Amino acid sequence: MLAQLKKEVFEANLALPKHHLVTFTWGNVSAIDREKNLVVIKPSGVDYDVMTENDMVVVDLFTGNIVEGNKKPSSDTPTHLELYRQFPHIGGIVHTHSRHATIWAQAGLDIIEVGTTHGDYFYGTIPCTRQMTTKEIKGNYELETGKVIVETFLSRGIEPDNIPAVLVHSHGPFAWGKDANNAVHNAVVLEEVAYMNLFSQQLNPYLSPMQKDLLDKHYLRKHGQNAYYGQ
């Protein structure tokens, strides 16, 4: 079942340690088949160096029940499922504890747009969610994490297709894309942007967002209706 999607998710998960986004098993990638409403995700707690395509777990988008697989799905599965349910255009999701993006999440700070590297991928500020409540933490924590992410985008009027990443307060980053590989790509860029911004704001604590015209130019030439740019 979903052999090609399993292969894509497996390879995307292997890309996380390759790009230094994870320590031990601190990360996961998933992808969705929208026609079948099925999600393929990394198994829980399996080391990357022994993981195989057959270890990937298939779960139902709406119930979270295992449809295929002999291992437990990632503990973050309910978060992934909530994002797929609420953000209908995304096809792949990545969660990591990559160092610099997690620093921003632990500080509870947004990553503002200050340079063209950011503008090439994110059409504005990368938001950090609010702190979760005691009730949310003690309840269905992973599902509530997804709901807090969705709430952040809705309450701030952010389009998830334009800002394909978020920082969960005191936790870490999630990134997404059109498929698993694209989601990993965005997670790599998020980590790089977090690193750049950390030092930029140390050098200039009064740093303000980049010019709107420059942000428009860099984002729209790559993602707009008349996109033309590629390196």
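The first residue you see is number 1, and the count goes up from there.
Heads up, the Cβ atoms here are built off N, Cα and C, so glycines get one too.
Among the features that Swiss-Prot reports, substrate binding site is placed at Gly27, Asn28, Ser44, Gly45, Ser74, Ser75. Within the same chain, residues at least six positions away from Ser74 (substrate binding site) with a Cβ under 8 Å of its Cβ are Asn28, Ser30, Ile41, Lys42, Pro43, Ser44, Val57, His80. Secondary structure at Ser74 (substrate binding site), taken from DSSP and collapsed to helix, strand or coil, is coil.
Sequence annotations record features per position, and here Swiss-Prot assigns Zn(2+) binding site to Asp76, His95, His97, His171 based on similarity to another entry.
According to Swiss-Prot, the feature active site, proton donor/acceptor maps to Asp120 (among others). Taking a C-beta cut-off of under 8 Å and a sequence gap of six or more, Asp120 (active site, proton donor/acceptor) has these contacts in its own chain: Val189, His218, Tyr219, Lys222. Secondary structure at Asp120 (active site, proton donor/acceptor), as computed by DSSP, is helix.
Per Swiss-Prot, active site, proton donor/acceptor is recorded for Tyr229 (among others), and the stated evidence type is similarity to another entry.
Look at the binding-site residues Gly27, Gly45 and count other Cβ atoms within 10 Å of each Cβ; Gly45 has the fewest. Taking the C-alpha atom of His95 (Zn(2+) binding site) as reference, the shortest distance to any of the binding-site residues Gly27, Gly45, Ser75 belongs to Gly27.
Gly27 (substrate binding site) falls within a strand when secondary structure is assigned with DSSP.
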